[in-house]
């Protein structure tokens, strides 16, 4: 008993009756304190309120905002300055608080002090009624060893075990040697699975003892343990008892608590289903016999193990109210808490109308413990703020909770129980059905819960058939197969909060804001609805699908007139809007395009810079874009840009990557591949062409155009150069020949000359021409191409054309009307299409090229900057402080190009020239001084790699002596760089990525990572954090919602989420977002690196109890590193690999969040 010197003890003024040696005190309580917290405290408060008594709470400093404090009539702080659990174990402070506030009785709840005989004795000494058994009975029954001895005395069968508590590991080892394993270690002075360990091997006894002892000491204030032989495959059956102070004891039947994990009850059932005949009666009789033997009063539970043969063994008495008392209340109709209080007031069971003959079971009840634990991660406790809480309710459902509401903060200080969900019905099967329905109705966001696991348990056939034992969870791994909650709506709200607090998540190029506009989508009549796969399309796409690429090319050549490729969905916005146009806006207009323009040759809508930009800045998957557009536009061929041996990237890849990419692209809906190389290097071109051919796509071999074939004075890139290259591409069996004029330098006269020569030489080969309108002459050039024999020319819809984009679709169509080169496109439809994009373009104001470029400029014929690069280079110059020197940058671009040998300028070679140009401006270099000082300058990496030959071999060789000076002895590559690369192991990469990102990935995801590993990782992490942001309207995506603004977000087909900022489906949702500016002074722990096995983080929020290694130690796999404790659970973290401990980021007592870096091991 604790020393209570100095406390003012209250005299006994009650009417006293005697029964045996105990004193029965009859009285009515006025104020009752609950020496507990959370759900059980509130449960007792409710009973007190119904009995018209004043409820009094105690709370720790950590619980000052907890619900149980607010639910009580009065509440008092205890344990100031103490750790969270210790505050509720301060007997002296609790008794002192009770005396100062005229408390008549104290209910201990369960856990904490509920089974401490010294606490019951302290209450009695202070003149306060302890609502529970007498101190003597508690001392005997609460001590598992003493209870075991009492059972033996009463003639109740027990499991072999130690005769008393043990306090050393040696004693446990000795018992194991005597009786053999398995054995079980149990806390002598507490329950709930704390301080309990099953040990199957004798060599593991010592470590298990230390862990169990530490848990028991932390949870109950006493680490004493006892040891028992472990009964194989038992059912765990417990009997609810209630005794008064007049010698009366009744049982309220039994409960089945066999569904356990780590000896912690998960699901409880009343009554126990499918007990063998006669076993129930024997168990109930033994429970009553034991209770009478010890003179038990108040509520308590006698627990048994029932083996496969129906033999039952006493294991312990819980001298308190149990967590699962609820199911007994539901099937018997007895309020156990009220009964406890009335018995403590001295009333007899008869006064409460409780006789054994009248207590009957009515139906069945099941309780499950909904906890904040993540079953997918070994039931690691989770903590944090509940952002969303919606419960399952209805007939037959009871919820007992404390902190289950939106806004509640779940701390790692206490037990992870969130809600007890109890279902009652006329049968076990019906109760299970109700419980399943209720759990499915729950929506909890912000913390992980075990709901998926509970549903798996309840829906398992063995549970339904009532055929479970304590091995049930361990033997059914399928219970741990979960479909993870996507939590998309809440993630989107988190994204909106992020934008609201910290601004756009994609860099904005200008200070302009997206406009408040709704682009007008033209109406599509029923008879104009897009064709579908169930109604085969008519046109070129059907030829490709049904007859193949060669037949497709022949059909193109037979077609009269000039066909158009619409670049609006790709190159146009790459040139005008920094490649930032989102799938969201393309998808809205796609049905109209499908209906209005079936005669388009193709739509260029994929590839090039759009591939990585969609992930990098728009946070959307490029493959999903392709798949989405294919569904909406099934009748028009799709076209993409393929960078030869570079695929969609900016460097060389193994050949099997190029082959796999082409295969996946065709499967995802791509038809025509414009294959090019930035240096027109034939070996690189052939890699891409062969990959596309094998995949079944249309090979459009592109010759990157530069120079001026109409200028007879130019010796490089003359007509003969293009004719020779075309001959090699035709021999390589391309389906279509393309002239790709990236800079828009193809003048009308040059266009006529080049296309005429190609048509004369290759009369059966379809010819396709691509250009940019930077100089303003592209419409004229495209008309000349059509007249000279080109089959297809590229154009962008009028409002997305001009300047660095493609020439105007409407202008070309109008110019060719009434001629032999009619396009088959309708000008009125083009006007409607243009109106949509004219409005939509305002949503992308932050990236608008017209901010700095007001018109086309004929100086492109000098500097030859590609259209797609021009605006990006301009934005880049402004960001580098060179905005006022952009004319100089353009002039220097020409000088840089000449210094590099006058190369073809297409991505990535155009970037090399641009990098060198800005380098020259920043360093005040001319072409001459660049060469003179080359051996002392630190050149951009792109320039060095070009000189090495990584990009390919330029048509006229590398410039000397610049190359030698730049390389300074670095290795040179002769031939195709990618030819030497080993094949990529896609299966291995897939496994590594899935381990890193924690989800199943598609082949296309692996391909994205193969080309852009870091970009894909960042994109995947972003999407897992913020969800499908591609579903947000564009203005909202870039700048967030305005105050009180509403928007509709369609997350999946036929499932619209109507959201007001922080108000979703009518429920308020609040998001906490860290202000990155305001938090710059906050010290944040480093995070463990995903996928790096030597970077070992905390698997759950918790406190480091013990470090088992030090820096410099050599460790082996599975060697213990540290012990982490959270919510009274301890976890031993092992080394995943062998190596040396190079750094420890923790010391004993440090607290960590899940994922915080603790130890680094170097293999």
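Cβ from N, Cα, C; glycine included.
TrEMBL entries are annotated by machine, without manual review.
Residues or ranges marked as domain 'Biotin carboxylation' in TrEMBL: 28-478. The average pLDDT for the domain 'Biotin carboxylation' (28-478) in the predicted structure is 92.
As annotated by TrEMBL, ATP binding site applies to 144, 228, 263.
If you look up TrEMBL, you'll see 562-831 marked as domain 'Pyruvate carboxyltransferase'.
In the structure as shown, the Cβ atom of residue 770 (Mn(2+) binding site) sits within 10 Å of 29 other Cβ atoms. According to TrEMBL, the feature Mn(2+) binding site maps to 571, 740, 770, 772.
What TrEMBL lists as substrate binding site is 643, 907. Within 10 Å of the C-beta atom of residue 643 (substrate binding site) sit 25 other C-beta atoms, taking all shown protein chains into account.
The DSSP breakdown of the domain 'Lipoyl-binding' (1087-1162), given as helix, strand and coil counts, is 0 helix, 40 strand, 36 coil. Positions annotated as domain 'Lipoyl-binding' by TrEMBL: 1087-1162.
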- Nearest recorded site to residue 643 (substrate binding site) by CA-CA distance, among binding-site residues 144, 228, 263, 772: 772
- Query: Measuring Cα to Cα, how many angstrom lie between residue 907 (substrate binding site) and residue 571 (Mn(2+) binding site)?
  - Reply: 13
- Cβ within 8 Å of the mean position of the Cβ atoms of 144, 228, 263: remaining residues of the chain near ATP: 161, 184, 185, 186, 187, 196, 226, 315, 316
- Query: Between 144, 772, which of the binding-site residues has the fewest other CB atoms within 10 angstroms in the structure shown?
  - Reply: 144
- Task: Work out how many Å separate residue 144 (ATP binding site) and residue 571 (Mn(2+) binding site) at their Cα atoms, rounded off.
- Result: 77
- For residue 740 (Mn(2+) binding site) and residue 263 (ATP binding site), what Cα-Cα distance in Å is obtained after rounding to a whole number? 71
- Query: Which Cβ among the binding-site residues (263, 740) has the fewest C-beta neighbours inside 10 Å?
  - Reply: 263
- Item | binding-site residues compared (228, 571) - highest count of Cβ atoms within 10 Å | 571
- Measure from the Cα of residue 263 (ATP binding site) to the Cα of every one of the binding-site residues 571, 770, 772, then give the nearest. 571
- Longest CA-CA distance among 144, 228, 263, per record bound to ATP, angstrom: 16
- Query: At the level of the C-alpha atoms, what whole-angstrom distance separates residue 770 (Mn(2+) binding site) and residue 228 (ATP binding site)?
  - Reply: 83
- Expressed to the nearest Å, what is the distance separating residue 228 (ATP binding site) and residue 571 (Mn(2+) binding site) at their Cα atoms? 75
